[in-house]
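Engineer: One structure coming up, written as structure tokens, with questions to follow.
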Amino acid sequence: MGIELLSPAQMAEADRLAITRGPFDGPALMQNAGSAVAREILSRYPQAQTVHVLAGPGNNGGDGFVAARLLAEAGVDVRVHCEGHPRPGSDAEGALAEMRLPLLGFDAFAPQASDVIVDALFGAGLVREIGAPHAPVIERANASGAPIVAVDLPSGLSGETGLVLGIAIRADLTVTFFRLKPGHLLYPGRDLCGETILVDIGIPADVLADIGSRTFRSVPELWRTHIPWPDSGSHKYARGHVGVFSGGPSATGAARLAAISAARAGAGAVTVLSPRQAVQVNAMHLTSVMLKRTDTPEEAVMFAADRKMTSALIGPGFGVGERCTEFVLALARLAAGRPFGLVLDADAITSFENAPHRLFEALAAIGSETGRGCAVLTPHEGEFRRLFPDLADAAGLSKLERARRAAERSHAVVVLKGPDTVIAAADGRAAINTNATPFLATAGSGDVLAGIVAGLLAQGMPAFEAAAAGVWLHAEAGARFGPGLIAEDLPGLLPAVLAGLRDSQGSSS
Ligand SMILES: NC(=O)C1=CN([C@@H]2O[C@H](COP(=O)(O)OP(=O)(O)OC[C@H]3O[C@@H](n4cnc5c(N)ncnc54)[C@H](O)[C@@H]3O)[C@@H](O)[C@H]2O)[C@@H](O)CC1
Ligand SMILES: [K+]
């Protein structure tokens, strides 16, 4: 299953290119789409009394007409509800002409819980809020208790943003075509889709080269080849040295959690840089991770240069304020023009709430290309709002777009966390993570994620790929543990997750 995500406009372009290039013309693609829907219904709901097909005015409705015809041919009791007529000359009009079933109005739509509903009202062509006469039909469908199969997208869901335009179908199954759309993966869209299956309807993959999508599902296929596996010549400093900055004596756990996570992610050496007052408490809890007393940004920079530090993480438990901003700015200067990865999380983000431009200017100097320094910001929604209040409040802007614009503005890779974490790079690439588990919503989980990303950066993995891989590894570890997960469990789960990745090298998932 391809990893590119297409906006509805890009999907329309894919349809158009496919139709001009062949082998399938518009009606044939529609036939393939509608028959995939009918096939799923026949195999999943063989006991259904009646299948109600809700057909809209565009080609999504056309897919519905094809499915209705095929289901009726298979002996199913099918009722097609539609208002208005498809556009003359459209593929949907052709599909309607072939269907030869009576058209019922929306008023006659009265589904029983034992029926099945096919939602073919709107797909990629949804352009405005749902109103009459479709809103009441969607309400009735959702309230009926009958399973709903959505064609392409649950009607009312924006394929571009994952947001609802007024009201939306809550589907049990969504059958979509060629490539997923961001709306299938971003919340609330992901919930509204139910199970989503992707069907090949004969659109040739080479149309993607013309479309040039820069949005992806974050699965191993996207970043696996960049994972830095050690070879026989690797010594510990060749595998990178991560510095993790500790907070004061009562806030040291976050840094240690991040440090051990960086080590588990493969960094050859990890040092906790601790203020004097916290050295003792850190020393009591560290074994393979090293410890260095560091009270000033100058000491940090000197140590980093002396000991060939290749990445640093600052923020978790560090404390909000001017001291934090000074450390961050010094580390950003260090990273400018050399291969050094800087991960800013939690307090390192919040400390710039009153002057985000100071941070962005410093990060702009780093540059984000492979082989040079790079920065990764890992905000949750609250921290994101502190740096990018206008983006956080922009109505109708998708999480994908917010992350993308934030990356462009900050000159960093932005990891906007949540159940649908988005990873975005300043060059326009973006990925949506898909393997999260709700068990990851636990204290310290973010520290582990930041540590994993710092560990991967230290080994020279490019920032976008390291961030995306870090999010995936973190989620995969959480999913393997399941109920009862606490953040301390996560680092110990990484070896098995990494081994699974290495062993499946070459296959896709
Ligand atoms: N031959 C083709 O072009 C193919 C099309 N496909 C299907 O076609 C769909 C896209 O078709 P369309 O581009 O015609 O788009 P849709 O069928 O999603 O809807 C477009 C129509 O809905 C109207 N509309 C949009 N928002 C509305 C609202 N809120 N209230 C009332 N009316 C509204 C538009 O004016 C237009 O008439 C895909 O989602 C897919 O299901 C697939 O069958 C593949 C082949
Ligand atoms: K639909």
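We count from 1, first residue shown onward.
Glycine residues also receive a Cβ, built from the backbone N, Cα and C atoms like all the rest.
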Engineer: Figure out which of Asp25, Asp77, Asp91, Asp119 sits with Asn60, Ser155 in the K(+) site per TrEMBL.
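Structural biologist: For K(+), TrEMBL names Asn60, Ser155; of Asp25, Asp77, Asp91, Asp119, the listed one is Asp119.
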Engineer: Per TrEMBL, which one of Gly446, Gly451, Gly455 shares the AMP site with Lys417, Gly418, Pro419, Asp420, Thr421?
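Structural biologist: Looking at Gly446, Gly451, Gly455, the one TrEMBL places in the AMP site next to Lys417, Gly418, Pro419, Asp420, Thr421 is Gly446.
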Engineer: Sort out the sequence-distant neighbours of Ala124 ((6S)-NADPHX binding site) for me: same chain, 6+ apart, CB within less than 8 Å of its CB, listed by position.
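Structural biologist: Pro8, Met11, Ala12, Asn60, Asp152, Leu153, Gly159, Lys181 - these are the non-local Cβ neighbours of Ala124 ((6S)-NADPHX binding site), listed in sequence order.
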Engineer: Given the AMP binding site residues Lys417, Gly418, Pro419, Asp420, Thr421, Gly446 in the record, what is the largest Cα to Cα distance, rounded to whole Å?
Structural biologist: 14
Engineer: Do you know which of the binding-site residues Asn60, Asp119, Ala124, Ser155, Gly418 end up with C-beta under 6 Å from ligand 2?
Structural biologist: Asn60, Asp119, Ser155
Engineer: For ligand 1, pick out the binding-site residues Ser155, His380, Lys417 that have a CB under 6 angstroms away from one of its atoms.
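Structural biologist: List returned for ligand 1: none.
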